[in-house]
Amino acid sequence: KSEQSSFSSSSSVRNELSVYHNSRQKPPAEKTNQSSKNIGKKAAPFKKQKRANKGSSGAQVLYAKDSGGAQNESLRSNEADLAKKKNPNPSGDTGSSKNQDSMAAQNVHQKSQMSVETCTTPSKSNLILESLGLQFFGREVTLFRLKNYLTSERHSDVDDNVVQENLNDSRGEIPDSTPESKMHHKLVLPSYTPNVRRTMRTRSKPLEYWRGERIDYQARPSGGFVIGGILSPDTVSSKRKAKGNLGRIITTANRKRICLENAPIKNKFMVNLNIPLGDPLQPTRVKDPETQETVLMDLIRPRDTYQFCVEHDELKVYKTLDTPFFSSGKLIIGPLQEKGKQHVGLDTLVFYVNLGYLLCTLHETPYIVTTGDSFYVPSGNYYNIKNLLNEERVLLFTQIKS
């Protein structure tokens, strides 16, 4: 009896230990529903638990070796444990537990598909990892880096497409008449080089700013600016400008050298007059102030009827009008010639410089007179005129007689 009592006490201790161990594995709702009928059946789950622990350790080893399959298995096991904890009745219908397991497996499968959505195939992900030079430090870090890389590639592709569209638009806007288009040979377009980091910007070589070359910037839809082309204006040949300026200078110089005597006479009248005109070669009828009678006098002297007076070397004096009270005429002085000092007596001489650059001496004071200037010599004084240029010059004079 003593042996039986000791055996029964030892078996009861063992059963209590197994019940305590199983109570920690099951939810709290199952602790109150235990009975002595289940005492003999609790020794087997202890061994199964060891096997499950061994299986979980093996799953961890597989997870270290192969990330894809191990992660899926671990996720499925975790989902199954959560489903068991949520179900308080372990003796429930087997059909509901099967449905829950299938739903958990579907959720795990969907989550795994969403997590690996960025890289479609493992071979592509491995190639991308090798090209980026990344090592496996964890599934989340690797997927995050892959996602950033793929999004950056998409943005770069969009930017390249925008740049290409802008370049195509710039090509279409330029007319065919221009010799150089916006797509200049100085543009450096981005090139794709695998395994080498390159910029995706459109660059340009140094421009000839002195010729007016400028960069044509265009705005992107996403913001910022891109190079749309190079503007190169048409150049005008400098030879034409030089010829045109030279011709203008020559014509103005020739106009200045024209003498008034050789200037052509215009036979066209600006206004048609309907009145009778007198003959310039015939004398004109005028009234004598002393006798109050009408007399004939020569008042007009055409240029072909000038009276020649003096000619000394290149000095010429023409008298155009000669009356008892005054006389008028024209004085022509040759290049670098001098008229000479002369006394006017009791008369008065009035001069007008029609064309020239002269040195005029009035009594004892020299002056420089040019075209358009006038001067006169009073009675009883001397005067002298010298041409300072190497060209013929003309003066008009009037002599007032005393």
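The backbone N, Cα and C atoms fix where each Cβ goes, glycine too.
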Checklist entry - Pick from 196-218, 265-287, 288-310: which stretch is listed in Swiss-Prot under region 'MIF2 homology domain II'? => result 196-218
Checklist entry - Of 68-86, 239-257, which range does Swiss-Prot call motif 'Nuclear localization signal'? => result 239-257
Checklist entry - Relative to the Cα of Ser232 (phosphoserine), which of the recorded positions Lys186, Thr193, Ser222 have a Cα no more than 10 Å away? => result none
Checklist outcome for this item: Across the region 'MIF2 homology domain II' (196-218), DSSP labelling yields 3 helix, 7 strand, 13 coil
Checklist outcome for this item: Quick note, Lys186 (SUMO2 cross-link) and Thr193 (phosphothreonine): C-alpha atoms separated, nearest Å, by 21
Checklist entry - Which site among Thr193, Ser222, Ser232 has the most other CB atoms no more than 10 Å from its CB, taking these as modified residues? => result Ser232
